[in-house]
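Notes to accompany the following structure.
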Amino acid sequence: MCGGKLELIPCSRVGHIFRKSQPYSFPGGVDTILIRNNMRLAEVWMDEYKEHYYAKRPSIRSRSYGDISERLELRKKLHCKSFRWYMENVYSEMPLPLENLRYGGYVMNPQSKLCFDTMGNREYGKVSLFTCHGIGGNQEFGFSDSGELIFDDDLCLDISSKERGGKVGILNCHGLGGNQKWEYNNVTRHLQHVVTKLCVEKGPGNILVMNNCMESFPSQEWIFGRKYNSKKRKH
């Protein structure tokens, strides 16, 4: 971004030797210092791409990262290029799913104030409803331009059956549409399965089921935590 070069060397090895004790302290603890440093890096260098970091760590947005004016001035003085330039020209093979997202964050049922939650499940796991906590994690989803509802970059919302009453779960994203292709209507707030034309509904026991779409039916209404202006990256 500021001149020079970055080399990715195949089969290279980098090591770090830790001391038994540190000659300096970590005010607030190691985690606090690491988060602060990561936030400073994001704020100084990542431009709009810092949202990728904060989307994964929404609970830290309000934390202080200190004065970065000197670092911003250094970047300006060195005539550094944008982080977008870096991603498009230097490290274009790095996947960034948020580039193609329309919506993200929690998926909440407004009536119950419950959110989609994987409950720690991975592939073939079910998606349930749980009290919205706003800190991402098991409740962090993204709705892509291609109609996939994505969790943790590589898992997609899928259905167990094409019949009414089918359960909703997560499977590895395959990119072929089918059972993983959805439509979201921000007027009716319906999350509709493209193939079956059924809608996601809050079922008994806070599970997600598929049912015929019904207008003004609170159990079939969903809202996302964030809306994005998706920008597909050039390659």
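The backbone N, Cα and C atoms fix where each Cβ goes, glycine too.
TrEMBL lists 102-225 with the feature domain 'Ricin B lectin'.
Sorting each residue of the domain 'Ricin B lectin' (102-225) by its DSSP state yields 12 helix, 56 strand, 56 coil. This prediction places the mean pLDDT of the domain 'Ricin B lectin' (102-225) at 92.
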